[in-house]
């Protein structure tokens, strides 16, 4: 294949040809000899034949030269290795070695690519003797191709070693004939793949031709043997030590980088490469140019000494004895050489095969890409050539289609109108026919009706698109068979005749021959031709007529006859007669003939139609006779089969129902029996647990009483009371001697005998008591071992020797005086400490649980010398209170406050990490006070210490036994635990059970049965008002009595004021009602109930979010969408500041608004030269005007005025206006503003001239005395004397009316859509900028206009104690027309409307006004922090002083805030969050508590109101609770009352009464919440459906599919979590927001997630109402009121 490759060189930045061989380093240099497109793709070379090793290097069997380099190119963009200095110019790398890494892609041209026919797979024949422009040395590699090994076969079989290894001196070589070895084109394949040329420089003369080609191949080797030895540096490595051939695709191998000198030389050679890189136009290089500008530096000429040395060495070699080639001793070397040659040949063949495949594959890919590119280009050309015409054609077609569509629509309308008119005509004709008396007239009307009917049918067919003739379309729905054929091809389009055939048997149709069929076809065709010619068909067929008809029919269908030409007769009379005859014919005869023809046609068509119908009936008779019996048989068989199937189905269904009924009865009876057995088993299990707890309580009580008797000497102390309290009769020998502890799992509750259970309960209870005492005894009896304490790293505590008298008095170190009930509590706590029992002090809030706990620590320190360590854990909000109380009441006990950052806590731990042996009075601390959060964080440090006493304040924080806080606290080493809580029961009985489990984990184990009994019976009693088992209640009280002490205020504290609770009901405002109705219409209560029955967690979360949205509506609608501040679109530049933090208390913010439009003035106009009124060296006119016109020639000069003031001079009027000559001269030099400013404040001395009335007419001034200088009338105008009075109003009618009607206080009705400051004038002159600033910010002018004194002037007035009246003047600018809008168009939301938009806030506004007048102070509690933000705006609007405390308040700020409220009576309101501000703080300065929104946990509200109703409160505390009527808040309040009743029944033991608990008994909390969203009607409907479902034995709301939620339950997200996330936990960083509490986005107005379906109207869609007309009106009114706000589409 000849010619250059059919493609262009590829840029090195393009995609690699071989992706799988891509090198790891992408920054290698580009070697042009390894270009991807210099392979010869079209040829697929044949595989190498197996050759001997000797032939592998022969020129007769050459290998194709490898396209890969002989050596690995240097990495990282280095230059190729240096060439040998003595190498020939043909083998030296030319100046291209110094080219950049990436060469530019060359275009396809004959000057670069080869044009000869040299193939790369055989020996190439050079075309001329010029040296190659392509180096044979280290070729360049493409940066995208894989590196090949350093070994490759050359074109003559010579291994491709580096040039330095193959180049030998050529001095002793015989002269040879120089043959052209390469093509002239350095980029051709022949130039690359041909063998090496002669190693002589170009200037040498060609040598004579060589003898044979074989020695040519062996010439380098022989020359190497005969050449004299060279120095070591220039000597090539011997062939015997040549490296083994490397694999075909090895990893890249690193080589040394060339020196900087060689690299610099290559860079210097770049221009030479540029000169040589442009070949001549004919594609050949000029030898002269190549000789003059060689590619490599000239060879070094040998000196005479070196030449002599070389000759001497060569002579010595010639004189040496020649060895025999066939001599033995080299067999192994020969074999090794042969093996290596074969191996090299095989490796080369294998590598070449791989490369051949890769070249072929790459060529095919390239070819495919070329075809694809050409196809794409062809498509683009076609598109460019034809796109416009196609678009025009399509547009024209669309236009034509649109015209046709319009025509069709017009035709359709005309036809419809025709049908309507013809129908009217038909009805009218039928009506007239019915009324007609004459038969002819009646027939006439009937014909008219028939014509109208036919026209209607025709028009309807045209409308329906039916194009078949009427007479054919009515016979059969199929098209007519024009080709003829048998009658069997007719379609059965009519029902069979009602007449039954008289024949009984089946009738077979006779067969027809081909002749008969052909005759029928001919007859049909002739008939059709006759119909087309409008000829009548004969009654009998005639053969001759048939042929004529056939012939005429075909002729008519095909072509009409040519008329005979007639010659015209030209005559005027003839023409007139002819035209008259034709006129008469057209006027009279043609319509008549037309009517006759139409009538005959209709008659003929009707006859043909009847004939066709009769023929169709006749043709179907044989089918009826043939298929009738078979169809009847099949129908009877099918009917019988259906009846049988229905019978057996019914039978099987009945049997299945009976079987299921029997099975169901058996299952129900089995379930009933199993339920009874399980009930008995649960009863025994519960009885065992209660008995065990009762026995433990009994033993504890007996131990305490025994200790009391031992100490007092009386063993019968309160024996009767004990017997009355505990009615248990436990004999002394009831417990067996060997009875041991029995695990709960090992007990058999199925046995009928309960004696074993009783014994096990008694043994377990006694063992629990013994364990508690042993544990306390072991804690106290720890021996003092300092070394052991040092070794173990734990503390050693002293043991009290005696507890002293049981009647404990107040400790002397306690500075406060304990009350009687507090002293009893101290006795109870000491008794518990003595027995080693933990307890719960559950006194009502405000009774001094803190002081009782402190007194216990003081007692232990004073009486028993136990100084700790004591651990107090409290909420973060009460830590400062604990520290202050301990320091205040017991100064001897040292307190270590443990809170702060991690670094601070690490420093504090040094106080108690030291290994103290004892804790004495001199210890560094005795009590450590910390919070629950820090205990959990530093639990590892607290567990190392043995605490003497651990006090947990507000113990409801550990109400969950599954929390990490509960588990960590349970693992602390302490002798006793004391829980302080004012509300042991908050939500349910399980919380109380968790506290009991915490104080006695061994006894009060977390048994599900006991917990269920605790919760279910009592709560169901509170809900359903049922009778609680008195025995169970007494047993419960007996269980709780030894461990819990609770007193209430009304029983123990008589001097404490009363607490009055009032529920204040509020109504929804119009806006709130619209929001509430919109939310309720978006959800379906029935769907929520059904989903709640399934128990999906996602639905529960959705329901809680809905409750949140409803409560937000009740609080304030602005929680959804705030009224925004509105202003026009201002196009201006505004100054920006980063922060005001570094500014002082007073920040002067200057006017910095600039217009976007700037008008630049030339510098000349702003200078003195361009100003007419500014004098200067460049402006002589201003000086002339000022000197001559303003002074010398001024008419207001005093001299001129003096001369002109006499008699009737020009200035004689000055005497009448009370102006002197000096004043007139001074005013002439002032501007308008200065003159107005000087007149400000001066009284109108001439106002008396305006007086037109006198008390007496006689006192009226005379006419000649009115202009006298002496005042004759000192009376002033009445309207100026006083601002009040009728005269003042009469003189200012418009102003007084405007103010009296309130027009100046209404809000502006409209505002401009956009605003902009004036155009800014700019100039490059600094003086112009200064002048404009002085004009804009002139302080005296601004003070005169706005009457606003500067801050500096006010400070001077205060410092110098001056009278401010002279410095205060009314503003010169008039008052604004609107006091709301004033001088700005910025509209701020109205606070009055902000108050009236919420019913609660409006009621609170009235309440606070009354409380403020009565001198009360208020605690205002909220559930939502965003509502507190809104309340702050309201209090600022009403000018009420307030302070705030919520979950975001810092710990140090909280203490100062509480102290400010307690000590500053001017603070009227204290805003608190229910959770954050309801624990452990004393706010007795307030006597009024207002709950803006209540918590559904009543104990939280009780704690909050007890912040004011506690010890130290001397006034009556009034609690107001704001409740929105008819909303979800009423139902939440009812639920809170139920919880209060549970607490009262359990703790106080009272009976249920006083509260109506006849509410719904729901087991599912989610269903209860869903019921809160329903109104009364919906609740009644749901109750009715529940009752119906219970009557049917179904579960209301359960899924019919029977699918159960089997997935693992997540932690319940309660509404408390959603309301109070982050509150109450000041330092709790782990509390992450749930994302459901108080969303800020206004997009959540609806509050309904996407998963909640919107109810639809109709049957079975629940009670959700759709959008009514009233709702739409509400939405429109809301948008009008709120400024296009609201809930969106409802």
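For all residues, glycine too, the Cβ spot is worked out from N, Cα and C.
The ATP binding site annotation in Swiss-Prot covers 843, 844, 845, 846, 847, 848, 849, 850 and is backed by sequence analysis. Taking the Cβ of residue 844 (ATP binding site) as centre and 10 Å as the limit, one finds 21 other Cβ atoms among all the protein chains shown.
What Swiss-Prot records for 392-468 (among others) is coiled coil.
Positions annotated as coiled coil by Swiss-Prot: 623-694 (among others).
The compositional bias 'Polar residues' feature in Swiss-Prot is assigned to 30-41 (among others).
Annotation source Swiss-Prot lists compositional bias 'Polar residues' at 111-127 (among others).
Feature annotation from Swiss-Prot assigns compositional bias 'Low complexity' to 213-227.
Under the heading compositional bias 'Basic and acidic residues', Swiss-Prot lists 253-273 (among others).
In the compositional bias 'Basic and acidic residues' (395-407), the DSSP tally of helix, strand and coil residues is 13 helix, 0 strand, 0 coil. Residues or ranges marked as compositional bias 'Basic and acidic residues' in Swiss-Prot: 395-407 (among others).
Annotation source Swiss-Prot lists compositional bias 'Basic and acidic residues' at 416-453 (among others). Residues 459-460, 463 of the same chain lie 6 or more positions beyond the ends of the compositional bias 'Basic and acidic residues' (416-453) yet place their CB under 8 Å from a CB of it.
With DSSP classes pooled into helix, strand and coil, the tally for the compositional bias 'Basic and acidic residues' (513-524) is 11 helix, 0 strand, 1 coil. Swiss-Prot lists 513-524 (among others) with the feature compositional bias 'Basic and acidic residues'.
According to Swiss-Prot, the feature compositional bias 'Basic and acidic residues' maps to 621-635 (among others).
Here Swiss-Prot flags 1656-1672 as compositional bias 'Basic residues'.
For 1673-1682 (among others), the entry in Swiss-Prot reads compositional bias 'Basic and acidic residues'.
Look at Swiss-Prot and you will find 830-1002 tagged as domain 'Helicase ATP-binding'.
Among the features that Swiss-Prot reports, domain 'Helicase C-terminal' is placed at 1403-1563, with the record citing sequence analysis.
What Swiss-Prot lists as region 'Disordered' is 1-306 (among others).
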What is the Cβ neighbour count of residue 849 (ATP binding site) at a 10 Å cut-off, with all protein chains included?
25
Over all shown protein chains, what is the count of other CB atoms within 10 A of the CB belonging to residue 850 (ATP binding site)?
20
Is it possible to get the count of other C-beta atoms within 10 angstroms of the C-beta of residue 847 (ATP binding site)?
26
Around the Cβ of residue 846 (ATP binding site), how many other Cβ atoms lie within 10 Å? Please give the count over every shown protein chain.
23
Non-site residues, in chain order, whose CB comes within 8 A of the mean position of the CB atoms of 843, 844, 845, 846, 847, 848, 849, 850 at ATP:
982, 1510, 1511
Taking DSSP three-state, what's residue 846 (ATP binding site) in: helix, strand or coil?
coil
Cβ contacts of residue 848 (ATP binding site) (under 8 Å, same chain, 6 or more positions away):
819, 822, 1511
Nonlocal neighbours by CB distance (under 8 Å) for residue 843 (ATP binding site), same chain, sequence gap 6 or more:
825, 849, 852, 982, 1045, 1046, 1047, 1048
By DSSP, how many residues in the motif 'DEAQ box' (953-956) are helix, how many strand, and how many coil?
2 helix, 1 strand, 1 coil
Taking the Cβ of residue 845 (ATP binding site) as centre, how many other Cβ atoms lie within 10 Å?
23
